[in-house]
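These notes are about the structure you will find just below.
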Amino acid sequence: QFILKMAAVQSGQSETEEEKEIQPETSNDGSRTDGRPPAGSPGVPAPSPGAVKPSAPGEEETLRAVLRFLQKNNLSESVEILRREAGLPDEPEDQTGSESSGTGSGGQEAGGGVGDAGSLLSRVSAAPTPAAATVAAPPPPPSKVGAGDDRPDVNVVLSAYSQQGDPVLYDVYYSGLKKFIESVLDCHRAELSQVFYPLFVHMYLELVYNNHEAESKAFFEKFSGDQECYYADDLRILSSLSKKEHMRGNETLLDFRTSKFVLRISRDSYQLLKRHLQERQNNQIWTIIQEHLYIDIFDGMPRSKSQIDAMSGSLAGEAKRDSNKAKVFYGLLKEPEIEVPLDDEDEEVENEEGKPKKKKPKKDSLGNKSKKQDPNAPQQNRIPLPELKDSDKLDKIMNLKEATKRVRLGRDTLPSICFYSFLNAYQGLTAVDFTDDSSLIAGGYADSTVRVWSVTPKKLRRVKSAADLSLIDKESDDVLERIMDEKTASESKILHGHSGPVYGISFSPDRNYLLSCSEDGTVRLWSLQTFTCLVGYKGHNYPVWDTQFSPYGYYFISGGHDRVARLWATDHYQPLRMFAGHLADITCTRFHPNSNYVATGSSDRTIRLWDVLTGNCVRILTGHKGPIHAIAFSPNGKFMASGATDGRVLLWDIGHGIMIGDLKGHTDAIYTLKFSRDGEILASGSMDNTVRLWDAFKAFDELETDDFTATTGHIHLPENSQELLLGTYLTKATPVIHLHFTRRNLLLAAGAYNP
């Protein structure tokens with residue numbers, strides 16, 4: 001255990017919040033409601049501090065020798081952790097590593113952190129520049145995290161399926177339980193039916209592992225049709241595992257084995273099930289329930305079928321109620337006070353009209369709105385953010401001026417939609433992004449290129465060469481214009497560098513940089529002044545599906561096939577945080593508007609919200625029936641929308657951590673969601689070639705948040721999709737892969753024409 005823990009610390013990993021939660025649970029009636037995977041399995045956390053004690057003086061001497069060796073090599077973090085876990089008393093000369101224990105606010109352990117929140121995040125300089133990362137020293141080799149780690153330990157994982165009972169009786173056991181559940185009262189039947197799917201999976205895998213090929217095939221054919229339709233993809237993968245050899249290294253199998261399937265069941269229903277299994281002496285099923293299931297028991301009325309269906313569908317069942325109880329600071333940070341000067345042009349125009357003061361009250365009201373401190377907002381300095389440069393302040397002033405001309409959207413004033421069709425995109429368009437001011441558009445392609453276009457009359461120009469720059473008078477007023485080379489002016493630029501399809505792109509808020517992520521496992525940072533690659537960030541072991549800049553710049557998030565999301569800073573080679581816990585690919589990543597949280601959507605059909613400061617997972621949201629490809633936060637930071645391949649848009653209350661809406665209408669996968677600038681309208685774009693507009697104001701305004709009964713999970717979703725749908729807009733044959741609201745609330749959409 002020591003070696004494993006030390007290796008994890010040195011490679012930048014530590015326990016995730018998800019791993020910390022896997023503890024043996026006991027129900028109120030004294031029975032153990034879950035088991036524990038064998039020691040050494042992937043996903044099992046290392047022993048808690050103080051759990052490992054040297055049993056003899058000789059062992060203690062050995063440990064002290066190891067400690068001295070680590071100290072000699074300046075591995076202070078490893079010294080501290082080893083000393084803590086071994087229960088050795090502190091020595092005066094060994095205090096070197098005590099300051100970097102990786103604790104966040106309130107003494108919480110930084111679950112996904114690399115080092116200490118203060119030490120790494122506080123390195124933000126006044127005006128950080130990505131070019132600082134272009135030093136010649138190569139980055140250290142990436143640590144193997146995620147799916148790659150599972151394979152060496154697969155035999156340990158699978159050994160849990162050995163020494164099981166008579167294969168002929170599996171059919172009898174399952175049929176008997178099915179008959180019993182079908183005979184109970186309706187109010188209990190829906191809840192108890194939840195055990196069918198996880199039991200079916202584990203019983204089938206036990207048969208396969210113990211080489212009962214004929215019995216496992218018969219078992220699968222007889223009972224697979226009884227499972228819920230949204231598990232069809234998982235069952236298809238499962239059916240391919242018909243021999244013991246097939247099971248080695250299979251990711252889906254390892255997910256089932258190393259993560260407990262969570263069922264939320266009322267106490268009355270649970271007692272019924274327990275009594276039945278004890279009376280029948282059905283130890284086989286009871287063992288599986290204790291080893292592989294986590295039964296989250298609540299007091300109160302059982303849930304209905306529709307309430308259970310709304311929350312189920314993920315790879316590991318529902319989220320535990322405890323997973324969504326952490327406090328989330330979803331409020332917005334206070335905007336810096338910036339004086340908005342009146343332009344000469346504006347003054348002239350207004351003087352002609354004779355009403356020069358008309359604009360000022362609007363600006364003052366905008367300023368006042370941001371001066372009030374939101375009680376739900378995090379502290380302004382909770383995470384260090386880069387200081388505003390003069391150019392940023394100018395941009396904010398422009399933003400405020402645009403906001404005065406913004407159209408207030410609503411049910412009676414829908415936005416105009418401007419659609420950008422990529423014609424003849426035979427290279428395969430895979431990603432699109434717009435700058436915040438809507439002046440640039442970028443596309444990522446399957447041929448590994450990134451293309452940037454100017455959508456204004458202003459053409460794209462490169463900075464002049466070093467020789468030409470030396471001739472420029474740096475004190476002149478128009479120096480920024482003089483450094484640009486007019487000979488290079490063009491409407492578009494092509495960026496070469498990736499060695500695989502580009503899957504995600506993101507402009508920085510200041511429009512100086514562009515991020516792109518690719519199948520080649522890297523995230524690249526491009527300068528939009530020189531149109532060259534500044535840095536290649538290497539940390540992911542497999543394709544990276546998505547990346548996004550923080551709303552304040554400097555930080556960015558990436559997620560991919562290795563199931564680990566990474567938080568980066570533009571001037572650091574290594575990630576600042578690693579968020580591990582998803583059971584399948586991370587398909588989309590988004591920053592919360594206040595930059596203190598990031599949301600990740602995954603093929604495991606869950607959305608997780610992570611705290612940037614501590615690295616902890618503070619929300620696990622289940623309900624989608626397919627991989628999640630779109631996440632959007634409302635402008636006030638209080639709500640979130642998500643879209644998936646199941647064609648549904650789900651709405652979430654972040655503070656309470658529960659689902660508050662289910663919007664049905666799309667007939668294919670949803671790949672993009674966007675709230676209007678005032679949060680009144682939600683736009684969704686889908687592979688069904690449509691853009692749909694939803695009344696977000698009505699969906700959120702009618703909520704009675706005080707009535708939420710999140711403790712039992714009794715949610716009552718209104719069936720009001722048709723009432724909330726404000727409009728459906730068809731393209732001829734163009735799947736919609738990106739949406740963007742301009743500062744004046746014009747909706748821009750984009751996709752590749754697919755004849």
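From the backbone N, Cα and C atoms, a Cβ is placed for every residue, glycine too.
Source: prediction; values computed, not measured.
Going by TrEMBL, these are the annotated features:
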- 1-59: region 'Disordered' (REGION)
- 85-151: region 'Disordered' (REGION)
- 165-293: domain 'TFIID subunit TAF5 NTD2' (DOMAIN)
- 341-389: region 'Disordered' (REGION)
- 363-374: compositional bias 'Basic and acidic residues' (COMPBIAS)
- 422-463: repeat 'WD' (REPEAT)
- 495-530: repeat 'WD' (REPEAT)
- 537-578: repeat 'WD' (REPEAT)
- 579-620: repeat 'WD' (REPEAT)
- 621-654: repeat 'WD' (REPEAT)
- 663-695: repeat 'WD' (REPEAT)
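With helix defined as DSSP H, G or I and strand as E or B, the domain 'TFIID subunit TAF5 NTD2' (165-293) counts 100 helix, 7 strand, 22 coil. With DSSP states grouped into helix (H, G, I), strand (E, B) and coil, the repeat 'WD' (621-654) comes out at 0 helix, 20 strand, 14 coil. Across the repeat 'WD' (579-620), DSSP helix (H, G, I), strand (E, B) and coil residues number 0 helix, 24 strand, 18 coil.
When the repeat 'WD' (422-463) is classified with DSSP, helix, strand and coil residues number 0 helix, 22 strand, 20 coil.
Across the repeat 'WD' (621-654), mean pLDDT in this model comes to 93.
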